[in-house]
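> This is the feature table in TrEMBL:
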type	residues	note
TRANSMEM	12-29	transmembrane segment
TRANSMEM	41-59	transmembrane segment
TRANSMEM	89-116	transmembrane segment
TRANSMEM	145-163	transmembrane segment
TRANSMEM	175-195	transmembrane segment
TRANSMEM	215-238	transmembrane segment
TRANSMEM	250-274	transmembrane segment
TRANSMEM	311-335	transmembrane segment
TRANSMEM	355-380	transmembrane segment
TRANSMEM	386-403	transmembrane segment
TRANSMEM	423-445	transmembrane segment
Amino acid sequence: MSSVRGEFSSRFGFIMAAAGSAVGLGNIWGFPTQTASNGGAAFVLVYLVLAFCLAYPALMAELVIGRHGQANAVSSLQKLSKNAFNKRFAFAVGFGGIICAGLILSFYAIVAGWMFTATLEPITKLANMPDATVWLSNQSLARDLIFTSIFVILTISIISKGVENGIEKWSKRLMPALLGILFLLIAYVLIQDGASEGLKAYLVPDFSSILDPELLVSALGQAFFSLSLGTSVMIIYGSYISRQENLVSLGAYVTLIDVFIAFVAGLLIIPAMYVAQAQGVEIFSANGQLLSEDTLVFQVLPALFDSMGDVGLFVGFAFFALMSIAALTSSISMLEAPVSYAVERFALSRLQATWVIGGLISVVSFTIIFNFSDLFGFVVSLTTQFGQPLIGMLCCVFVGWIWQRNNLLTEIKNGYPEADNSFFWKVWPWYIKFVCPVAIALVFIHSQ
Ligand code: PHE
């Protein structure tokens with residue numbers, strides 16, 4: 001069976017794909033917005049600690065389950081289960097993750113569609129097509145249906161090409177492009193008036209708010225979403241890693257890149273908000289609260305770009321192209337979770353499975369678009385506040401409580417023979433058994 005399964009062809013390929021999944025709208029939009037509305041630098045500090053001390057160990061649990069199972073999430077989890085009860089439990093966790101990934105994709109595709117429209121808008125302005133500009137800038141059913149479909153079709157066409165020629169190839173192209181655009185934008189924003197005040201708010205923490213429970217909950221939720229945990233995605237990506245690779249360091253790289261890009265995106269967005277403020281765009285209320293959390297990306301930033309004249313058209317184009325790329329490398333991972341299951345479970349070709357599942361997800365997306373005010377927020381909180389923490393926690397339970405410790409060590413030692421003497425092995429098994437499940441459960445209960 002393993003000969004027909006795909007595999008990442010190189011270490012770099014895996015890192016780009018998994019970092020591509022992790023780096024998404026959550027980093028470039030979610031993280032800076034959360035930072036701005038949770039007191040700036042204090043949030044950044046808490047986020048960094050939680051990402052490395054809780055999200056990284058949980059990511060390792062998912063990666064190791066997948067690499068051991070060499071199969072889709074359901075089969076990989078079932079492979080660890082010795083009795084019928086655990087096998088059923090494994091099915092529920094793996095399948096739950098797959099559904100969660102599909103549901104996240106169904107709303108993510110809508111938001112990514114907005115990113116596409118915002119990328120095209122400056123082009124229509126440059127080309128002097130005012131009707132098109134107006135059509136693109138006003139939310140309408142037709143516009144959302146069209147651009148969501150374009151985004152889903154792009155995702156489908158990459159995933160239908162498989163692991164090496166689809167996921168890996170495109171992640172290797174898109175991730176460096178994303179970094180390039182991000183750095184150019186930062187260089188531009190940081191030389192504008194007002195940027196230094198933004199840097200101060202971003203980098204100098206107000207320690208009094210660090211233990212605020214709201215802040216802790218938001219930071220952990222953000223870290224989980226950002227590392228794509230609790231969706232089967234990292235299980236399936238783990239299953240495409242060869243046994244020669246050191247999983248512990250691969251996971252660390254992915255975490256570092258994810259955190260780094262979120263941090264760097266903050267260096268762009270937070271100073272940009274202050275630059276916009278300096279130019280008369282209203283961003284903060286008199287008591288320093290962020291006025292428009294939801295509209296940061298679609299109102300505040302475009303207002304800033306507008307105020308820059310013609311240069312703003314290029315900057316706006318680059319910014320939304322960056323968002324679109326980040327969304328695409330994440331959405332392909334969301335589609336891979338159900339597709340890999342369907343291919344291995346039913347006698348479907350990858351091409352058939354991709355189109356059938358992509359079609360089903362589009363139906364859910366369209367349903368959300370038609371009932372936007374009722375469904376959008378509901379699906380977002382169902383998946384990110386409920387599904388992801390719950391399933392992420394259960395994956396930790398699998399590794400900590402169901403998997404035999406010796407067998408777990410044997411798997412980690414593939415590609416890392418000296419693992420048993422490492423700091424990682426001294427701390428992690430204990431972490432995954434007690435600390436992660438309890439911490440996630442606490443956050444989960446608190447957020448309800
Ligand atoms: N990690 C992605 C982001 O930050 C979102 C994501 C969630 C991707 C779940 C895959 C699975 O935008």
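Residue positions begin at 1 at the first shown residue.
Positions of Cβ are set from backbone N, Cα and C atoms, glycine also.
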> Do any residues of this chain, six or more beyond the ends of the transmembrane segment (423-445), have a C-beta under 8 angstroms from a C-beta of it, and if so which?
54, 57-58, 60-61, 216-217, 220-221, 224, 248, 386, 389-390, 392-393, 396-397, 399-401, 405, 408-409, 412
> When you scan the chain for residues with a C-beta under 8 Å from the transmembrane segment (145-163), skipping those not six or more beyond its ends, what do you find?
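For the transmembrane segment (145-163), the sequence-distant neighbours (Cβ-Cβ under 8 Å, at least 6 residues beyond its ends) are 6-8, 105, 109-110, 112-114, 116-117, 169-170, 240, 327-328, 331-332, 335-336, 339, 350-351, 354-355, 358, 361-362, 365-366, 369.
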> Sort out for me which stretch, of 89-116, 250-274, 311-335, 355-380, 386-403, has the most Cβ pairs below 8 angstroms to the transmembrane segment (215-238).
386-403
> Between the stretches 41-59, 311-335, 355-380, which one has more Cβ pairs under 8 Å with the transmembrane segment (386-403) than any other?
41-59
> Can you work out which residues elsewhere in the same chain, 6+ from the ends of the transmembrane segment (311-335), have a Cβ less than 8 Å from its Cβ atoms?
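For the transmembrane segment (311-335), the list is 17-18, 20-29, 101-102, 104-105, 108-109, 111-112, 115-116, 118-119, 121-123, 125-126, 151, 154-156, 158-159, 166-167, 170-171, 174-175, 177-178, 181-182, 184-185, 188, 228, 231, 233, 237, 297, 301-302, 304-305, 354, 357-358, 361.
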> Are the transmembrane segment (175-195) and the transmembrane segment (41-59) near each other by the rule of at least 3 C-beta pairs under 8 angstroms (pairs 6 or more apart)?
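Counting Cβ pairs under 8 Å (6 or more apart in sequence), the transmembrane segment (41-59) does not reach the transmembrane segment (175-195), since there are fewer than 3.
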